[in-house]
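Undergrad: Checked TrEMBL, it gives:
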- 272-281: compositional bias 'Acidic residues' (COMPBIAS)
- 293-303: compositional bias 'Basic and acidic residues' (COMPBIAS)
- 89-216: domain 'TFIID subunit TAF5 NTD2' (DOMAIN)
- 266-318: region 'Disordered' (REGION)
- 352-393: repeat 'WD' (REPEAT)
- 425-466: repeat 'WD' (REPEAT)
- 467-508: repeat 'WD' (REPEAT)
- 509-550: repeat 'WD' (REPEAT)
- 551-592: repeat 'WD' (REPEAT)
- 593-627: repeat 'WD' (REPEAT)
Amino acid sequence: MNTNGGTDSPGVVGENKKPTTDKRDLLVLLKLIKKYNLKQTEELLCQEANIKQDEVEDVDDKELTSILSSALGENSECNGEAKDGPGSDPELYDMAYGDLCNFVDESLDIYKHELFMVLYPILVQIYFKLVSGGYAKSARAFVEKYGPDLDYFYREDLQNLLLITKKSEMENNDWVTSMDSDKFIIRMSRDAHSLFKRHMQDRKQELIADIVMKYLSFDTYEGTARSKSQCNATSGSLIGESRRQDNKIRVYYGLLKEVDFQSLTTPAPTTVEEEDDNDPDAPDKPKKKKPKKDPLFSKKSKSDPNAPSMDRIPLPELKDADKLEKLKALREASKRVPLGKDSLPSVCLYTILNSHNSVTCAEISEDSFVMAVGFTDSSIKVWSLTPSKLREMKPAEMLKDIDKDAEDVLVRMMDDRTGESARTFYGHSGPVYRCAFAPEKNMLLSCSEDATIRLWSLHTWTCIVVFKGHLFPVWDVRFSPHGYYFASCSYDKTVRLWATDSNQPLRIFTGHLSDVDCVQFHPNSNYIASGSSDRTVRLWDVLTGQLVRLMTGHKGPIYALAFSTCGRYLASGSSDHNVLIWDLSHGQLVTSLVRHTGSIHTITFSRDGTILAVGGLDCYLTLWDFSKLSEDYIAQNSNASHNLDVDESDHYLLRAFPTKSTPFTTLHFTRRNLLLAVGTFKS
């Protein structure tokens, strides 16, 4: 606050006005301190200035904003918020950006493609500055002039950009907030970056330099600059590209050691009476034969050096019934049909008729016995895919008579008289977006537009728990492969980890800049992958809650995720019609599978991990040779992520199956590698 010293006051009015202005500024300062809840500072300042709390309350928020704006007036040139300042002049911005475009065009071809990547974020920031300065028409003309020269995958963003025409519309816009708070990341060779900096200094590009300093971040590397295809392979997200530092943390992608099935198949150890067989005093007594070991279970699983320890996260203990079910699954897996280039899977498509606009999701249980379908009318219908009926548990009076120690106690608990081929759940108050079966097959999860997750019992056919925590519609929910835990994602930009016995989330994973559309558990249950409308795929550590992988490359929202059976690779499908394969050990892009002409909404790997099946809204099902793809990738042993050549040809494509008019909702491989598909017929 300025004071006049050394000169006489011009008059009484001037002497009274100055302290009034100072006091007003002081009240605004106190209001700001109060807003940030700095109580001690506020009390001390009120005592020293002899100001009452009532006077602070009288200060209007608009007055606070105007005083702050005038106080920051010296920065208006950089922010483009003052119409009279040179920093907000549309012509100056147009000249500066045009000069930058000419510099990029005239650069050597080796550097041109990396330098071209700076144009999009700078154009967006100039538009924001012109709109906030009141030059909406000039801002629109600016984007219409230079926007068509940018990459094709930014066209939709530029259309959305032109919808923002007022400064007030920028305040609560997620995209504007993310562009302001998170720097746009550009990966660039050190030579190209030096060339760019030299241009900024030589041409004295203060306007552009200010934007670069505030809103751009360069991840520089030593080596040759990337080609156009290499730049496009990892660009396209709202944040630009991922930093190499984001993918340095070690990921334990190996599988957990399976339960010792041999102990379940071999009989109990011999008793004292049976030990008489080895009595030296009875040599003539015939010896009992030792039971033969089942070759299926006698193989010991090797410990994977990339696998997490069994006690890294607390996992539920397997009950005897669960062990027997795993045993059954393993025996069935021994009859599995080996798939490959010359042995493609048979496909069985379940087409749901007369419900194209009402079916929102479908899910098949792990044992392929039951299918659940979610509808827009908030109902969930469960069908039996086998001749066995869906039975209800007996009433409490009848359960008293059941022998609890019987091996088939679960079968005896069910009432045969209540068997039905289909059952319906009601409870949600909005469309159901995802269903997920528990590994134990006794529960079903569902999520809805009503911002809740419901847990349903497949024994009593009732809702057990309603999980509340998300603030907006919940798009996806998935059970952990080991049960107990489940993950959900929502329009509120968060991923949440839950347990079936707690109504509060155990972890809340934040970092996505837009709504999270899909989520998937890693086969070892230690990690969760998420795909978002910010066009990034992220991998989260369940134990620490930390982001361990950030992968960019999609040009549209991501709707489908699937882990390979070995746990090392992750496949992601998007509205950009492409499937990208990621290597979780380094977080780098392996390849892009280009064949579909519609959004990808379902991906799954065969049980032996050799085939990748992809279903899209273009009514096509494609099968890809994943075993050859992974072999070729390992043979290349490409660890330099900035020089990665991404093959976008379809020579890994084995077969494409068209349907008449049925887009695919879900895909599922049975234990014997039969491929089940679900879709709704478009009449």
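Here the Cβ of each residue, glycine as well, is placed from N, Cα and C on the backbone.
Can you walk me through where each of these features ends up in the structure?
TA: Break the domain 'TFIID subunit TAF5 NTD2' (89-216) down by DSSP state and the numbers are 99 helix, 7 strand, 22 coil.
Within the chain, the repeat 'WD' (352-393) has long-range Cβ neighbours (under 8 A, six or more residues past its boundaries) at 329, 399, 413-416, 418-437, 439, 441, 444, 446, 448, 450, 456, 458-461, 665-666, 668, 670-671, 674, 676, 678-683.
Sequence-distant contacts of the repeat 'WD' (425-466) (same chain, six or more residues past either end, CB-CB distance under 8 Å): 322, 325, 360-367, 369-370, 372-382, 390, 392-393, 413-414, 472-483, 486, 488, 490, 498, 500, 503.
For the repeat 'WD' (467-508), the DSSP-based tally of helix, strand and coil residues reads 0 helix, 22 strand, 20 coil.
Predicted-model confidence for the repeat 'WD' (509-550) is 95, expressed as mean pLDDT.
If you look at the repeat 'WD' (551-592), the same-chain residues 6 or more away from its ends with a CB under 8 A from one of its CBs are 153, 156, 233-237, 239-242, 246-247, 251, 253-255, 306, 514, 517-524, 529-533, 535-539, 598-609, 612, 614, 616, 618, 624, 626, 629-630, 633, 638-639, 641, 644, 646-648, 652.
Assigned with DSSP, the residues of the repeat 'WD' (593-627) fall into helix, strand and coil as follows: 2 helix, 20 strand, 13 coil.
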Undergrad: Give the nonlocal contacts of the repeat 'WD' (593-627) in its own chain as ranges (CB under 8 Å, at least six residues past its ends).
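TA: Here the qualifying positions are 333, 336, 338-341, 344-345, 347, 556, 559-566, 569, 571-575, 577-581, 648-650, 652-673, 675, 677, 679.
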